[in-house]
Amino acid sequence: MKKLIQFELRKIFSKRLTQIALLFVLFFSAILGFSSYQNKYAFDGVSKEGTGKTAVEIDKEIAAKYEGVLTDEKVQQMMNDFAAQTNLHGMNAAYLYHNALQSAVFTRFSDMNGNWNGVRVSDAFGGEEVRIGYVDGWLTTSQNMVKIFFILSLVIAIMTAPVFCGEYGGVDNIILTSRYGRTKCGAAKVGAGLIAAFIVTLAVAAVNILFAFVLYGRDGLNCSVLFAPMPFDNGYIPFNITCGTLLKYQVLLAFTGTLSVAGITLLISAISRNQMVALVASAAVYFFPAVLPISESNPLFRFIGLLPMYHAQFVSLMSIEQMDNGILYAIWVIPTAFIFIETGAFASRRFFANHQVT
């Protein structure tokens, strides 16, 4: 069985389309991460201003001054230190951006003119203890990985679509099944497809996390996602979790999403006789939740949100609920993924075993 799985893995990774798709997702990861880094901007309100590496250094210096648990005293200090020095000409001060921390405090505690709006930390965050620091880099990384994991899901479909239907017109299947039987051959194909999906997801996630470490360092991994700059304030995770916890959930959801896609695609591949049809059908199943007229406030979204597409677009799923033990509702993706994987593995083996070679 080990040799059969190795044989199937070589076939998966030797296909030109698979190689091109893998190179593309890695290239896209590098370009997206570096461009986001270069587009960073920061001004300390006095003399230091810059973009890219300089902006990140300025943001880190400012964050180091205020890092720790957010208090009303720190809010007042930041409001004074970051007070607008020029006429805003009617612009809402909440949208003013000089640096990441200034944006975070103005978004929540400033009125239109840049003065304190009377909101206290307890009003904004309840009884939560919010630890603040430099979170902009890791939140940018998380935001970028949403796009990357979407593309990765399609790459997994490209890789696994030919696993079964690619053999129906060739001789490899005839040779292998005559020696090992359809049951072993089908099991090897399923195993290889899932292993390939796991390896690729691990590689892509590792590349993105390591690249972020190089660009931003470890700063902010223990800080709350709640006190974030304006670009991350609306529509992001509403629970008091750290950036490190956020990334752990996101990587977990990346694995459950891609393995679920692999299970679905293997099933469709076993049913179909054409690789392109299998790929298109798999993509259609993956994106099907996007056309459903179900909003995130609808109770049904608790179930729709567990479908593979939302594992990549994880913000909606992560925002559903935080359970009494502190674990997020998103943890239910694990049994959901298990259902997709087991159903795909079992059904694809059955369909392949019943196929008559012509």
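The backbone N, Cα and C atoms fix where each Cβ goes, and this holds for glycine too.
Predicted automatically and left uncurated, TrEMBL annotations should be read as such.
For 20-37, 148-169, 190-216, 249-269, 327-347, the entry in TrEMBL reads transmembrane segment.
Beyond the transmembrane segment (327-347), the same-chain residues lying 6 or more positions past its ends with a Cβ under 8 Å from any Cβ of the stretch are 190, 194, 239, 241, 249, 252-253, 255-257, 259-260, 262-267, 270, 302, 306-308, 311, 314, 317-318, 320-321. Taking Cβ pairs closer than 8 Å, the transmembrane segment (20-37) reaches residues 52-53, 56, 140-141, 144, 147-148, 151-152, 154-155, 158-159, 200, 203-204, 207-208, 211-212, 215-216 in its own chain, all 6 or more past its ends. Through the fold, the transmembrane segment (249-269) approaches residues 142, 145, 149, 152-153, 156-157, 160-166, 189-190, 193-194, 196-198, 200-202, 204-205, 209, 241, 275, 278-279, 281-282, 285-286, 308-309, 311-312, 314, 317-318, 328, 330, 333-334, 336-337, 340-345, 347-348, 351 of its own chain, all at least 6 residues removed from its boundaries and within a Cβ separation under 8 Å.
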